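Participant: One structure is given below, represented as structure tokens, and several questions about it will come after.
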Amino acid sequence: MYYGFDMGGTKIELGVFDENLQRIWHKRVPTPCEDYPQLLQILRDLTEEADTYCGVQGSVGIGIPGLPNADDGTVFTANVPSAMGQPLQADLSRLIQREVRIDNDANCFALSEAWDPEFRTYPTVLGLILGTGVGGGLIVNGSIVSGRNHITGEFGHFRLPVDALDILGADIPRVPCGCGHRGCIENYISGRGFEWMYSHFYQHTLPATDIIAHYAAGEPKAVAHVERFMDVLAVCLGNLLTMLDPHLVVVGGGLSNFEKIYQELPKRLPAHLLRVARLPRIEKARYGDSGGVRGAAFLHLAEK
């Protein structure tokens, strides 16, 4: 049995998956904001409850919104203050008497998609999240590529490419990013960036859902905006594809529901790739909000 925890700032969700990778049980509880011992107790209680339900001890994986392991074995997760700077992996492993694995929630999303029965046939899978920010994960032969600092999937913090400046104008503001730099692509091609870009060019603020509705109705500003956005997205993704050369790209996050992405990217990407490059398959994520739990559960499976 495989147990996956998706640990966020407001809730902890546990999903239990059987040997056929089907979810058979799940539970949600509030996340304790400041109390680390309480957090450990909740995770222990949920694990033991799952053991009782399954009649066996399952493997345990946890996805967190942050960096899973610093050099000193602690986690960096500002959205879960009770775990910030704590040796969560070591402490919980000791409490439940089995190895616990922890990874970034975006990596868990990518792992979940890569272990889809159909997608599993692709050796290299790029999971790309276009949500409030931009992130994701790289999966090679069913396992996460983490890198030395566990930041391999922090795609949103690449700077705007030169070709994007040709589209947006050289005077486009280099928007300050939460990482401390300016001009990171997540400020332009995320859901938030989609809205910011519309506001910048038209001095009018609209939510993404309204912009997309206006686009569908043929409103000229919205049409021009979507065309511009798709061009910038193709430039940025083209750089990623040239560096990583995946067989499959799976798109998640709020903007993944904008079906125009899957129609337009295959048309626009070739201009930004090497001439010898073949386009990867580009698909919408299949597991939605359950992807984090599913991927966390498969952190052990990926090592088999």
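The backbone N, Cα and C atoms fix where each Cβ goes, glycine too.
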Participant: Taking HIS157, HIS200 as the options, which does Swiss-Prot list with CYS177, CYS179, CYS184 at the Zn(2+) site?
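Facilitator: Within the candidate list, Swiss-Prot flags HIS157.
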Participant: Just going by other Cβ atoms within 10 Å, which of the binding-site residues ILE139, CYS179, CYS184 has the emptiest spot?
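Facilitator: Least crowded of the binding-site residues ILE139, CYS179, CYS184, by Cβ count within 10 Å, is CYS179.
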Participant: Non-local Cβ contacts of THR10 (ATP binding site) (under 8 Å, 6 or more apart, same chain)?
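Facilitator: Looking at Cβ-Cβ distances below 8 Å from THR10 (ATP binding site), excluding near sequence neighbours, one finds PRO30, THR31.
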Participant: At the Cα level, what's the spacing in Å between CYS184 (Zn(2+) binding site) and ILE139 (ATP binding site), rounded?
Facilitator: 23
Participant: I need the most crowded of these binding-site residues: GLY4, ASP6. Count other C-beta atoms within 10 angstroms of each C-beta and give me the top one.
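Facilitator: The largest 10 Å Cβ neighbour count belongs to GLY4.
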Participant: Out of the binding-site residues listed (HIS157, CYS177, CYS179), which are within 10 Å of GLY137 (ATP binding site), Cα to Cα?
Facilitator: none
Participant: For HIS157 (Zn(2+) binding site), just give me the three-state DSSP call.
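Facilitator: Helix, per DSSP.
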